[in-house]
Amino acid sequence: FVCLFQNDSTDSPQSYLDVSCYSMSAATAAYMLFCPDCVSPIESSVLQSPVFTKQPGSIVFPVDSQENNRDVVFSCEAQGSPSPLYRWKLNGTAITPKSGSHYSLSGGNLRISHLNKDQDAGTYQCLASNSFGTIVSREASLTFAYLGNFKTHRRNSVSVREGQGVVLLCGPPSHSGDLTFSWIFNEYPSFVKQDTRRFISQETGNLYIAKVEPSDVGNYTCVVTNTVTKTRVQGPPTPLVLRSDGIMGEYEPKIEVQFPEIVHVAKGLTVKLECFALGNPVPSINWSRVDGIPFSRKVDVRKASGVLEIPYFQQEDAGTYECVAENSRGKNTVKGKLSFYAPPHLIEKPEDVQKPIDDSLVWECKATGKPKPSYRWMKNGENLESLEERIQVANGALSISRLTLSDIGMYQCVAGNKHGEVYSNAELRVIAVAPDFSQNQLRSPTMVKEGGDVLIECRPKMSPWGVISWRKGSEALRESHRVSILDNGNLRIQNSTRPDAGLYTCVARNQFGVASSSGTLMVKEPTIITTAPSTLDVTVGESIVLPCQVTHDPSLKLVFTWFFNEQLIHFGNHGGYFEKVGGQHSAGDIMIRNIQLRHAGKYTCAVQTKVDSISIAADLVVRGPPGPPTSIHVEEISDTTASLSWRPGPDNHSPITTYTIQARTPFSLGWQAVTTVPEVVGGHSLTATVIDLSPWVEYEFRVLASNAIGTGEPSKPSKQARTKETSPKVTPANVSGGGGSRSELVITWEPVPEELQNGGGFGYVVAFRPSGATGWMQAAVPSSEASKYVFKNESIQPFSPFQVKVGVYNNEGEGPFGPVITIYSAEEEPGRAPTRIRAKSLSASEIEVSWKALPWNTSKRRVLGYEVSQKREKEEAASVQRTVGNQTSAIIRGVRGSNTYYVTVRAYNTAGAGPPSVTVNVTTKKPPPSQPPVKVMWNTLNSKIILNWEQVKALENESEVTGYKVLYKRNRHSRPSVMETNTTTVELSLPMNEEYFIQIKPFGEGGEGSSSRQITIPRIPGQSIVDCSLTLQ
């Protein structure tokens, strides 16, 4: 043990002595004592107990007589400071490497040279030690694999009948390590192939033939291979011959290869079960679980070779398996149980701990495994014996009470069952330390409000825990009903007063030393809220100030915090509703602007200083329009009425005075107010009847509540409800007709809207009769969307008057007819053509056509207007334009210059067009000049604008220029004024205080030509002369 003494005082060498003691090896202790600057035992992070980083694994060594000098190495590495030292054990006995020994150490690795399988085979363990203790590695085995030779004597012949089963024995030689078996038939490399009739057991090596055939006669040689050494040996051949005394008859299966009654299988391994039978006929092999559970997909059943293979064995694979061998003569069965086992696996491990001397320790160690693991504990590489009552081991848990320095060391929990062991390491450090306040000085100053309670903590580091005492000033502190020293050494003062202020010192002692720490206690004036609790009442949209006034100790800083319904208010958020307005140091008032209903609730002002915190709450009641009613139900509905019920929403602190009901249909523009009974629904009513509804229409209803403050939000809509059907009441509008083909009476109307049809199966009844007749003819039109009915009869005279009325019906019956109107039957097209057709060219793009009109109304052949058609030579289709009324001329525009057009005219009415007139032709004039005026120049003199331009010359195929049009306007969007001239100059008398836009066009008999570029003449104030020219190319 090494103890270090520390003294921070230079005045009194014998006072406040700190002592710390540690357990370590003598070499480590000497190193630290004589090299104090190299390492400090206080810095425990520098020192480390041993921890394995690499542990030995089991080795199977192949024996080869040709190489006797082979070595093996068991690896072992551990971390630790000081660096660990290593030892090894073989079968629990220490190995002592000596000079000339075939054992040698390199670091922690053990090398074994000149292996001897009789001496070196066994179980090895590595031990790693430093000043903190010793740990033991897991066990690692060394085994030797070899394969001997068969005995060389000759084997006797095996004589069997045809159809009989036979077993040829392999009898493998002495060996170590796993073997595989195969058989040679007659000569290498002819190997026996396994099938339903032949089977080679990989357990015994024997060859089984279920039913011998003549082709099986020959020599059979067993071949054995060691899977570790990869060596292979062959046995002596066994001749198989047939007996000559007959053929073996049929017999039931006899199972010759069967698995044990109980097979123990480790978790995760692959298990193979063998089953094969002799018999005639050749038996079939089938596998199953006795409990009836089907095989999982991973199970491989090789029926041809009689092997059941289960890879990655798990708990659910355990159970009883059955092999059934069956042929036509009978069957035989064998059963065996697969038992699951698992080596131990740690699920709870002990951790490194550091405990004060005299303290207690409990380490838990738990592991899974099957069978259930047992536990033992080791200390420094040796089994821990519970020789002392204070050390107990129970169910894997290690407990040590009243820890001493001798308990320091490395501990290992070993969990094991018959299938293996697992190790877990942990270090126990026991600390003995003199009192030390360097990490936990008394807080100074400590503040408390007058009348309050205060706890002054005293938390020195010391081990074991010693005695705590207190001083105030230089005097020992006396305890009273207000002042008490707690069991943990802390000082509590209740109902503090001004005289309690002062300097307090905590003194700690144990057998290793004494230490103290001091701090000042300050007693402050308490904080008091002077604002009285209140309940405030406001209306939506108003603003209000919530006061929070206090008195407090002037030396302390105040912090105001506000809460709304116990949630912190973040000023600047919440949409800007909340604002701090308390400008005084002792005021924390806030303002709520434009109050909404959601702002109603509990507001808390919390005031905090370094010594105390208090709060006050105010309830804010916000009055506003009522909330939306709920549970809107249509209780009863007829064709024009609906009875509604609802539940009231919150009145928001102002009684509900009235309810308003609104309705919506697929045909309405949003929500509409409806008529109710009673007409005014009072605030205490929760039912009403809506009247004047349309039959057979789907309605939604909602309810709005009102109070003295206003009308609230509407309720959610009710479920859709359809009013009942009734006979229709509305007739079609705009009944008219006429036209159509010969012998037809065409009647048209506007369909009745769906919301006015009052029911399904809606249609129309069309009634008509010739004028002067007494009886009505009727026709039903069974479509609600129909808008036309055509009656055709060869007896109908053209343009005959008929009286017509249109009615309605639906599934509930017939409705009324509309008013009677007069409609004419279809007329005949005009029978004559217009005469005196004249056509002349007005310009290159216009033709004027005139004709003599036909009588306007001659018997049944009216004339409603005329069709004028024109086309150029060799054109198929003609262009047609219509006139209306008794017009006798028309202008055709958009034609081409210098082209010949053929023109006809015919009259038309509702029945169509009459015969065409004679065709006349007309040649249009040459096109107007295509060149615009160029070299346009302008100047102003007094109130005149003088324009000059170059004369435009027409091309050969263009009409001659006969004059020019000057277009001028005051702004871009006004209509231009026009002046015509037959010269290339013009004077415009215009006010000069305006801006003008001017264009010039040439014209001739072919029409107007191309315009010059637009000229802009700016506003020119005063009387002056301005010259400007613009040349346009």
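FYI, residue positions are counted from 1 along the chain as it appears here.
A Cβ is built for glycine as well, from the same backbone N, Cα and C atoms used for every other residue.
The annotation domain 'Ig-like' is assigned in TrEMBL to 50-143, 148-234, 253-339, 344-429, 435-522, 526-615. Taken from TrEMBL, the feature domain 'Fibronectin type-III' applies to 628-726, 731-828, 833-927, 928-1023. Annotated region 'Disordered' per TrEMBL: 710-742, in sequence order.
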Contact between the domain 'Ig-like' (526-615) and the domain 'Fibronectin type-III' (628-726) (3 or more Cβ pairs under 8 Å, separation 6+): yes
Leading stretch by Cβ pairs under 8 Å, where the reference is the domain 'Ig-like' (344-429) and the options are 50-143, 435-522, 628-726: 50-143
Number of helical, extended and coil residues in the domain 'Fibronectin type-III' (628-726), per DSSP: 0 helix, 48 strand, 51 coil
Average pLDDT across the domain 'Fibronectin type-III' (731-828), rounded to a whole number: 93
Summary of DSSP states over the domain 'Ig-like' (253-339), given as helix, strand and coil counts: 3 helix, 51 strand, 33 coil
